[in-house]
Amino acid sequence: MNIPLDQNQSPTEIAPLANPPQDHGIEWIFWGPNRLRAGWGIFAFLLIFGVLLALDIIFMRSVFHILPGAGAFTVRLGIISEVTQVLCVFLAAACMALIERRPVFYYGFQGSARLVRFFSGLFWGFLAIAVLVFTLWKAGFLAFDGLQLHGPAIWQFALGWGLVFLGTGFFEESLLRGYVQYAMTRGVGFWWGALLFSFLFGFTHGANPGESPAGLFAAGAIGLVFCISLWYTGSLWWAVGFHAAWDWGESYFFGTSDSGLLAQGHLFGEHPLGKILWSGGATGPEGSILALALIFLIAILMIAWWGRRVQSPFAGNGWAPAWVRQRRLVH
């Protein structure tokens, strides 16, 4: 097979192929100019992840007596669930990296300025949810019920929920914007993959109790925001930080529902007021149409800021699907 196998190659250093390899026989079915074909890669990743997740469910049930979707949303349940799920998705991605002969952290966790991007994401994620909650409060769609924690419990739950939502950020970003997004990019293009997996991101939130149509749409929209960050930075570090801080601020700090889930052990208490379309109701702030407006504003600001300063690592010919490169060669 004429497949380049540079072990040190990063997502931002993929050289364009002048002519797709002319492999014949059964290898052509599985391998293309961008190594393992996108469809087979996604199938293999989901198969490996599915097997690992099934083993995880058995492990959780037999060792911790935890069933999926059962019980209150506690720190203990959150940490155990997120740690095992992160291991599942990272192992699946590592298997694909081994198959494709790439570095283990190739799919979203390489690149420069990783800590800067991560902490920048943390800052903007908390600021965004704070702006949304403040707006709902000032507009009369949310009322605070005062402090719910006192003494050492404040810091214990702050740290505990911080670990939970850090795990959530790594798990969800790795699952839907890690390997599968990279595979879709080389198969059909970055934005087709972004649209598909952002839709799935919103759709999967429908399993949460108390979720609403507006909340599902907001989840899909924030998924696209995370794709914008991946497009410009070439990594998931900013998205992981933003995701973790948004969820932490929403669930622990402000004590609002997060996609219909209410964390046990939150700093402040609150309850929604007025029409559900504006307040979010049982869904929480994400169910408010004001959340959609905020997400749209965030996307515009990201494009305005990064668009003038950064050339996307995915915009080069090296990440274009083979059929696009062939068409460019013809023209």
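Backbone N, Cα and C atoms are what each Cβ position is placed from, and that goes for glycine too.
Per TrEMBL, the features are as follows:
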type	residues	note
TRANSMEM	38-59	transmembrane segment
TRANSMEM	79-99	transmembrane segment
TRANSMEM	119-141	transmembrane segment
TRANSMEM	153-171	transmembrane segment
DOMAIN	156-248	domain 'CAAX prenyl protease 2/Lysostaphin resistance protein A-like'
TRANSMEM	183-203	transmembrane segment
TRANSMEM	215-240	transmembrane segment
TRANSMEM	287-306	transmembrane segment
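Under the criterion of 3 or more C-beta pairs below 8 Å, with sequence separation of 6 or more, the transmembrane segment (153-171) and the transmembrane segment (79-99) qualify as touching. Nonlocal intrachain contacts for the transmembrane segment (215-240), taken as residues 6+ away from its ends with a CB within less than 8 angstroms of a stretch CB, comprise 11-12, 108-111, 114-115, 117-118, 120-121, 166, 169-170, 173-174, 176-178, 181, 190-191, 194-195, 197-199, 201-203, 205-206, 246, 259-260, 280, 283-284, 286-287, 291-292, 295-296, 298-299, 302-303, 306-307, 310, 312-314. In terms of DSSP secondary structure, the domain 'CAAX prenyl protease 2/Lysostaphin resistance protein A-like' (156-248) contains 82 helix, 0 strand, 11 coil. Of the ranges 38-59, 79-99, 119-141, 183-203, the one with the most Cβ pairs under 8 Å to the transmembrane segment (287-306) is 119-141.
Per-residue confidence over the domain 'CAAX prenyl protease 2/Lysostaphin resistance protein A-like' (156-248) averages 91 (mean pLDDT, predicted model). For the transmembrane segment (183-203), the residues of the chain that approach it from at least six positions outside its boundaries are 34, 37-39, 41-42, 45, 172, 176-177, 216-224, 227, 231, 314, 319-321, 324, judged by C-beta separation under 8 angstroms.
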